Amino acid sequence: MEITNVSEYEAIAKQKLPKMAYDYYASGAEDQWTLKENREAFSRILFRPRILIDVSKIDMTTTVLGFKISMPIMIAPTAMQKMAHPEGEYATARAASAANTIMTLSSWATSSVEEVASTGPGIRFFQLYVYKDRNVVEQLVRRAERAGFKAIALTVDTPRLGRREADIKNRFTLPPFLTLKNFEGLDLGKMDKADDSGLASYVAGQIDRSLSWRDVKWLQSITTLPILVKGVITAEDTRLAIQNGVGGIIVSNHGARQLDYAPATITALEEVVKAAQGRVPVFLDGGVRRGTDVFKALALGASGIFIGRPVVFALASEGETGVRKVLQMLRDEFELTMALSGCTSLSKITRNHIVTPSELNNSISRL
């Protein structure tokens, strides 16, 4: 069967993967309302396309933290990619590099920062969880710096792991032939079997629940790399992030895997953008499956988006080729959306190119 869009990889991944692995990647927290909403909220935003504009040349290039990339579509951190495919993060890194875009490596990767760096050149960010043992954190940051990573994406929405019921039912744990490679030498690379989710037990044992803005300051004191805070969805936290000197904000609800009934990220985006007032770049992850979604996020003020699940599902289906195809399909769709909306570069995409549900309701009530 010919794959014609990103979402089609999920069904193939479901067939190919062991149930425990597929459920780990696919599921959200509790009722999975936010999981569904991350997608559905995009479908409620409509276009206001402009016509009779010369769109024979379209420029999708952009700059993120000073690095020029081919498009505002980047790869989000997703854990344990070797559960999806033997080449795991290696394949993802090569695909990102070939597409001239940014890959974010998860702390909980099944390939180390050094191994990913060994795949060749590329612009890479490192996603960081703050462990109770700060020496572990400092070592990780140093290794990411040495391996040429360009920024830290600090996950701030996980003082505890969300309740992911599929993982509890499956007694999720990392397969015995894999380790969390970044922690292998620190005796933190294995995950014990537990009476619920092995990952939830691991997080409870290792990740620091006391994490606060003070720790963001500490992180800045040990590295010169820019710090993006990942997991901000309110204006209040946006203002605090900027006061604390962050390099950027990723509007994220952790792929709907943490707090269920948090809003879709595309719904929360504009509140964050308005509070940021252009002082730092704002990015979005969660629910992006189409080029039209990318355009909607940029119209609402995002500087770029990150994709997570589409990468692991494509990886499970076709390895590196699958990830390359996902990036190419999203790129092609986004370029087409730009052309059909009358936008020849990212700077031409404005808030006037879309209409949100509240605006639709207001215009109907005025009739």
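Just so you know, glycine gets a Cβ as well, placed from its N, Cα and C.
Taken from TrEMBL, the feature domain 'FMN hydroxy acid dehydrogenase' applies to 1-359. The glyoxylate binding site feature in TrEMBL is assigned to Y24, Y129, R164, H254, R257. Residues annotated as FMN binding site in TrEMBL: 77-79, S106, Q127, T155, K230, S252, 285-289, 308-309. The active site, proton acceptor feature in TrEMBL is assigned to H254.
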Over all shown protein chains, what is the count of other CB atoms within 10 A of the CB belonging to Y129 (glyoxylate binding site)? 21
The binding-site residues listed are P77, A79, D285; by CA-CA distance, the one closest to Y24 (glyoxylate binding site) is A79
Counting across all protein chains, other CB atoms within 10 angstroms of the CB of G287 (FMN binding site) number 29
Record-listed glyoxylate binders Y24, Y129, R164, H254, R257 have a maximum CA to CA distance, in Å, of 19
